[in-house]
């Protein structure tokens, strides 16, 4: 029988919708085993308390309603004060939008709400938002922990409203009256607005675009909820510290959803690790093509923008103007992220072979067993309110200390900043502490007794921290080198160290993680040598040193409040090969050129002299695809 149409042409088969800039890796759906694993995964998420109650959801809605009322009254007051007509005062308003995890539908109990206030053109950010609205909020009993951050990359006002954490941004658009049904996804909303407003508006615009670009929103949400929980447990969830924040994880998961459009969450989770362990950075992750517009805002393009060529892990936002959302990632933090991806991939393979359970994947990373040397950064202030502001400023710049150490040691000393903060409850004054793991770059040989003199690095970091515009007496910071055996008790969950039966923190999971970090274990001879090296360095560290000692007990600290008198801030013997090297003071301030990424031709990126595969041909994940056929 002839199946031709009346016009003589063959009928066209309906094409499945295309998601993303490439074809999917696999269109396969779940097997019975996948469905069973997915059921177990969802049960684990519920038991782990990742979903909020109906009561908490209702309270969030109530709080958003109250904030909406407050900003409307605020704009009406400003409109009246500036002499506009009664009709203008009547129509004047501001509109509240949400973004981040709340808008994506993946927030959990106790999570903050990212909110954006969109106001008319005559209401500005500098005075009207950060002064007048700030003062209104400060007088309200429902508002606590009010903290304005006007000098942030995206200016924000942080506070708690009836106990719920709020991050409030502001954008002024070129309209005298903001309509209630404002379509924020329309490019026209960006006309005649400043770059800070563009960045503020794009939080909402990016979230909306992500939900439009994934094939199954519910599967995306469950997979993202899993990955966010995993990242927090493994210590790689923090944009400010140089790892990945909420929007970064959302974009990474969304790309996997595009590559496996018929996969369910348990499949997406394993494919996530399978793909990104083989991803060839700095090839960018993109959900759609980068488009330019007549508005003229800069978009991410390493072919045109030299600064974009230095990005180590580009994850590009899908809304105009497209930007790299992960510009904070450094050489050191990328190394840590990739190690964790390798570990997660190994465990997922074990789960698929029924050799491990989901709880194994989500085990907490034992950071304080991972390294032999740490930097401890103690932050103190005169009162709790000052600490809130001082800590926010200092934490936002801790990643600069990582970059400076990488620079001043020519990449020989690797840093692992840990995003969690710690408090010594035995101390009565306001304070908190952050830690960085230190180790020598793997594969680099040395000689016994090597030390890294980072006094100048810490001093430079101190000078930049002291530039805080709102500094008050009592605000201080201390930096000290602490060996693993000297770590304070308050960093451990129960106040004491866990018995050390394993050498590396990832070895507590499964064989998969041992494969990733096994090179750090070494032979029996190396372990004997490491013991002797430890004893030698401990003997050095036990010698008297001339330095002001803080009230944090036991360790000597360099105070940023005055000149350090410490002879050497030592981080000697950072791995099994203890070698002797001190950077000259002149060299310490020289610019060390990090291996750069540059563009080469149309759509291909070059790094370290080797040209990677083209961005748009999917060959970056071809090895993954061959396993799916």
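Every residue, even glycine, has its Cβ placed from backbone N, Cα and C.
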Review point. Can you say which of 472-493, 494-515, 516-537 is given as region 'Disordered' in TrEMBL?
Key: 516-537
Study note, to complete from the structure: Near residue 112 (Mg(2+) 1 binding site) (Cα-Cα within 10 Å), the binding-site residues in question, chosen from 99, 167, 237, are 167
Study note, to complete from the structure: Apart from the site residues 112, 114, 167, the 8 Å Cβ neighbourhood of the Mg(2+) 2 centroid comprises 100, 102, 113, 115, 156, 158, 165, 166, 168
Point to revise | Pairwise Cα distance for residue 237 (ATP binding site)/residue 114 (Mg(2+) 1 binding site) [Å, integer] | key: 17
Review point. Counting across all protein chains shown, how many other Cβ atoms sit within 10 Å of the Cβ of residue 112 (Mg(2+) 1 binding site)?
Key: 15
Review point. Once near-sequence residues are set aside, which residues in the chain of residue 113 (ATP binding site), 6 or more away, have Cβ atoms under 8 Å from its Cβ?
Key: 60, 63, 64, 98, 100, 102, 107, 164, 165, 166, 167
Check your understanding: Within 10 Å of residue 114 (Mg(2+) 1 binding site) (Cα-Cα), which of the binding-site residues 99, 101, 247?
Key -> 99, 101
